[in-house]
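I have placed the structure first, in the form of structure tokens, so that the comments after it can refer back to it.
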Amino acid sequence: MPSSFASQTYTARAAGFANDLAVQLLKLMDRKKTNLSIAADVTSKAELLQLADLLGPYICVFKTHIDILDDYDSSVPEALTALAEKHDFLIFEDRKFADIGSTVKAQYQSGVYKIASWAHITNAHPIPGEGIVHGLKEVGLPLKRGLLLLAEMSSKGTLAQGKYSMDTLAMAARNRDFVFGFIGQRRLPLDEPEKEDFLYLTPGVSMAQSGDSLGQQYRSPEQVVLESGCDVIIVGRAIYGAADPVAEAKKYQEAGWNAYLQRTRRA
Ligand code: 5BU
């Protein structure tokens with residue numbers, strides 16, 4: 001580390017992506033000077049929309065778990081979409097699809113949440129095999145959406161490691177029109193030197209804690225961006241759980257951005 005791609009600016013890397021949404025995200029990050037994503041794991045729609053409005057100016061991606069809302073209704077995606085336009089961020093529903101292609105297709109398109117209709121980005125476990133990507137792609141590609149595969153997880157004892165993670169990369173490389181990156185803990189090059197670029201979005205980030213009581217493991221923005229070559233830091237409780245979430249978001253934005261500047265300058 002850093003690989004040849006990780007040492008380039010986000011904007012310079014945009015030309016190497018086949019998925020439109022990845023191009024949009026890379027340019028957005030440089031334009032807004034942020035590689036921060038907030039994991040807004042709150043349970044009321046008022047709190048969720050308030051976080052999106054308050055923190056919108058400092059983030060590139062707003063990550064949701066829409067199914068934890070106690071009072072979800074169809075006004076939520078509409079309001080979130082308006083805030084995404086107002087503040088220039090993308091919406092990522094962290095749905096972690098994990099079934100056969102035919103089932104995930106219905107789960108993505110239909111049901112209460114109709115995720116494909118509003119989430120720019122979603123993600124999937126590669127565990128069922130490549131049919132999961134093909135199923136999601138049939139719904140998502142016509143809507144110009146993008147997919148991330150879970151190559152690794154931040155939690156203690158995760159089974160997503162080693163060959164599993166490398167096979168995940170190969171699956172993504174065969175579907176570059178739709179899959180533009182990973183949820184992962186470090187950049188995992190398929191080839192040395194890397195032939196194809198992917199984005200790495202990384203949860204498990206805190207400057208204050210090393211973990212929680214349920215297996216979460218945290219690292220700092222510097223460890224994630226500078227040492228591990230990841231592109232977007234995903235921060236949840238460390239920001240929305242703070243007394244002043246805006247002040248905290250600014251701190252994480254600055255730390256993530258400085259790590260990116262150091263990474264691209266020291267090449
Ligand atoms: P936290 O409050 O910063 O610990 O929240 C982390 C978020 O990232 C939370 O929404 C998780 O569902 C999500 N997450 C994670 O923590 N680790 C992973 O490997 C993946 C997602 Br994938």
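From the backbone N, Cα and C atoms, a Cβ is placed for every residue, glycine too.
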Binding-site annotation, TrEMBL, substrate: partner of Lys63, Ser154, Gln216, Gly236, Arg237 in Asp41, Asp88, Asp177: Asp41
Residue among the recorded positions Asp41, Asp94, Asp99 whose Cβ has the most other Cβ atoms within 10 Å: Asp94
Sequence-distant neighbours of Lys63 (substrate binding site) in its chain (C-beta under 8 A, six or more apart): Ser37, Ile38, Ala39, Ala40, Phe92, Glu93, Asp94, Ile234
Neighbours of Asp41, Lys63, Ser154, Gln216, Gly236, Arg237 excl. site residues, C-beta within 8 Å of centre, substrate: Ala39, Pro203, Gly204, Ile234, Val235
Whole-number Å value for how far Asp99 (active site, for OMPdecase activity) lies from Ser154 (substrate binding site) (Cα to Cα): 21
